[in-house]
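Noted in TrEMBL for the protein shown:
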{"type": "SIGNAL", "residues": "1-15", "note": "signal peptide"}
{"type": "DOMAIN", "residues": "37-150", "note": "domain 'Thiol:disulfide interchange protein DsbD N-terminal'"}
{"type": "TRANSMEM", "residues": "282-304", "note": "transmembrane segment"}
{"type": "DOMAIN", "residues": "282-491", "note": "domain 'Cytochrome C biogenesis protein transmembrane'"}
{"type": "TRANSMEM", "residues": "325-349", "note": "transmembrane segment"}
{"type": "TRANSMEM", "residues": "361-383", "note": "transmembrane segment"}
{"type": "TRANSMEM", "residues": "404-428", "note": "transmembrane segment"}
{"type": "TRANSMEM", "residues": "434-461", "note": "transmembrane segment"}
{"type": "TRANSMEM", "residues": "473-492", "note": "transmembrane segment"}
{"type": "TRANSMEM", "residues": "504-527", "note": "transmembrane segment"}
{"type": "TRANSMEM", "residues": "539-558", "note": "transmembrane segment"}
Amino acid sequence: MFLLVCACVSGVAQAASSTPVTSEHDVATLVTDQESVSPGHPLGVGLRLQLQPGWHTYWLNPGDAGEAPTLKVTASGGASGESGPIAWPTPVRISEGGLMSYAYLGDTLLPAIVTPRASGAGPVELKAHAEWLVCAQVCVPEQGDFTLTLPQGAGDASPEAGLFHKAASARPLPSPFAAAVSSDGVLSLSGAGISGASVKDAWFMPQDSAAIDQVASQPVSISGHTVSLKLAWAKGYHPGAPLSGIMVLKDAAGNESPLWVTAKFGTAGASAGAVAPGFLRMLGFAFLGGLILNLMPCVFPVLAMKALALARMGGEGRAARLSSAAGYGLGVIATFVALGAGLLVLRAVGSGLGWGFQFQSPVFVLLVCWLVFLMALNLLGVFEVTTGSIGQDVAPRSGFVGDVLTGVLAVVVATPCTAPFMGVAIAGALAGPAWAAIVVFAGLGVGLAFPYLVLAGVPALARAMPRPGAWMAVLRQALAFPLLLTCVWLAWVMAQQAGPNGVLVALCGAVLLGGGAWAFGASQAAAMRDGPSGRWRGAAAAFVLAVIGVSVVGMPRLGAVAAATPSDGTQAFSESALAAARASGRPVFVDMTASWCITCMVNERVALDSVPVRAAFARGQVAYLKGDWTNRNETIGAFLRAHGRDGVPFYIYYPPHGEGQVLPQILTPSLVVQALGGAR
């Protein structure tokens with residue numbers, strides 16, 4: 001069992017070190033490399049951990065267990081600013097009990113940089129919050145709040161500056177050698193400085209804990225000017241992305257040279273444009289995922305519109321059918337490509353967003369809710385969407401542009417769902433080169449549009465469609481009710497994200513939009529009866545836009561609601577909670593979910609909340625950790641990416657001993673019970 005210790009001490013320090021936070025296992029201090037602050041110039045700040053013998057803390061990638069330390073420093077007073085990321089020194093490897101850890105021992109400094117901006121003439125107050133995990137036979141999560149006040153000055157070196165020099169010398173240097181990793185796990189460094197005389201041993205510590213079997217041996221071979229390690233890919237990992245981490249080269253005298261390498265996937269010397277092994281598999285997964293997405297509940301509202309369009313096509317010629325299918329397919333594929341490009345851009349600027357990220361915004365959920373509500377009113381005949389200008393026939397018309405927009409909407413409402421095969425395809429796409437990612441996202445679009453393209457393009461299927469008639473008016477009105485149910489679901493998502501005030505905005509806006517739609521429909525009826533009535537149409541449209549504008553401006557003031565407190569033995573997910581449960585010897589079930597993910601909700605109702613599964617959890621004393629990704633959460637996003645996923649649902653079961661077992665995205669009670677019993 002974990003010993004849960006929380007040491008929270010604050011104090012104003014003198015010189016360049018804070019009042020220490022002391023526990024039985026270590027002494028923690030905030031230190032700086034200067035005795036004074038010079039605004040506009042970098043100031044080294046760091047968490048100094050003086051660990052008792054036998055205890056250790058962790059690197060950026062803690063290994064098979066553990067948790068990386070965090071440090072945030074804020075400057076205020078005479079100068080202001082925030083610290084950047086930790087500049088991680090090279091860790092040591094600790095292999096114990098079939099697990100590998102990357103750790104720090106003894107007197108350790110985790111440094112960062114603050115570049116304060118001048119904001120006054122007085123002293124500068126540094127406030128820091130840090131969290132870290134220390135382990136020996138047991139693991140103890142600790143945290144500390146530190147305060148350190150420094151005068152403004154020339155920035156003379158402090159007595160602790162030597163600690164920063166030591167930490168800087170321990171950081172890995174950027175590798176000057178060409179690096180490549182093959183599909184069978186051979187990691188190679190090549191360059192003129194490498195030879196059998198200069199390198200006697202080597203090992204690799206990955207940045208991504210999910211990439212390789214970290215405790216497995218790494219056989220070394222040296223040939224000419226190339227040193228190679230044979231790595232074992234981790235179970236469930238799909239190689240294809242560049243592999244980053246620290247490669248340590250050791251010479252005959254025992255001197256170690258840590259190098260930060262980013263190895264491109266493929267054999268050494270492969271052209272940059274070569275297709276990586278596994279790319280075609282990712283493309284196939286993308287097509288299958290898009291195809292299965294047609295059966296997911298989140299796409300049902302658009303299926304209603306597609307069913308109506310198919311009914312209309314029964315009486316149209318081949319050219320009209322192909323035009324409709326081409327428009328729909330273009331809308332679907334273009335929107336998938338745009339989503340993929342957007343995710344690539346956001347990832348490039350440091351965002352950790354994943355599939356379905358737009359539904360983490362209450363404003364986006366609100367706008368989709370209103371759009372679907374207006375679609376339902378349209379199907380009920382409250383107003384019509386026309387392509388004619390004022391004074392022309394106001395009867396509803398279909399057209400190429402309408403088909404394209406239907407395809408766009410299909411993708412927008414499909415993003416809360418992750419079909420089987422999609423998770424692997426999207427994660428692999430975002431990890432690879434940009435061109436391959438765009439092709440994979442286009443493959444998702446082809447899969448989603450494929451059934452409609454087949455129905456429109458195969459004459460035998462087209463002839464089997466029923467002919468248009470009076471029944472279509474009844475079908476059209478009936479199909480409005482799935483859309484209204486979608487609005488109810490989106491309002492519920494709003495309640496999880498923005499609380500009761502968010503639901504109030506959504507409902508009041510829907511009533512006002514309904515009034516605007518009714519006025520617009522009345523103007524259309526008047527135009528048919530009395531001639532053009534552009535003024536009334538313009539007023540109704542302006543009213544609708546005003547409602548949307550005012551509500552969207554007001555939405556950011558609605559604070560995000562904290563994730564609901566889990567109940568019934570469920571614990572909120574965190575890396576420390578996972579590490580504590582695994583260290584205690586209990587089996588662990590991790591459930592990554594979101595309120596806007598319909599697949600997640602169905603899995604909960606059908607499988608995870610069922611009597612057999614709950615009984616199996618209780619019988620096996622399984623720790624149930626639930627990660628709620630309804631609102632953006634970087635911890636959950638990082639966990640998903642570490643396991644090769646970019647969306648929810650995601651389920652993984654950790655037996656008391658051994659590797660975690662990833663479960664399918666569609667669950668049944670028997671499947672979960674079998675996983676709990678079979679992985680013991």
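Backbone N, Cα and C define each Cβ position, glycine as well.
Counting Cβ pairs closer than 8 Å and at least 6 residues apart in sequence, the transmembrane segment (504-527) and the transmembrane segment (325-349) reach fewer than three and form no contact. For the domain 'Thiol:disulfide interchange protein DsbD N-terminal' (37-150), the model gives a mean pLDDT of 91. According to DSSP, the domain 'Thiol:disulfide interchange protein DsbD N-terminal' (37-150) comprises 0 helix, 76 strand, 38 coil.
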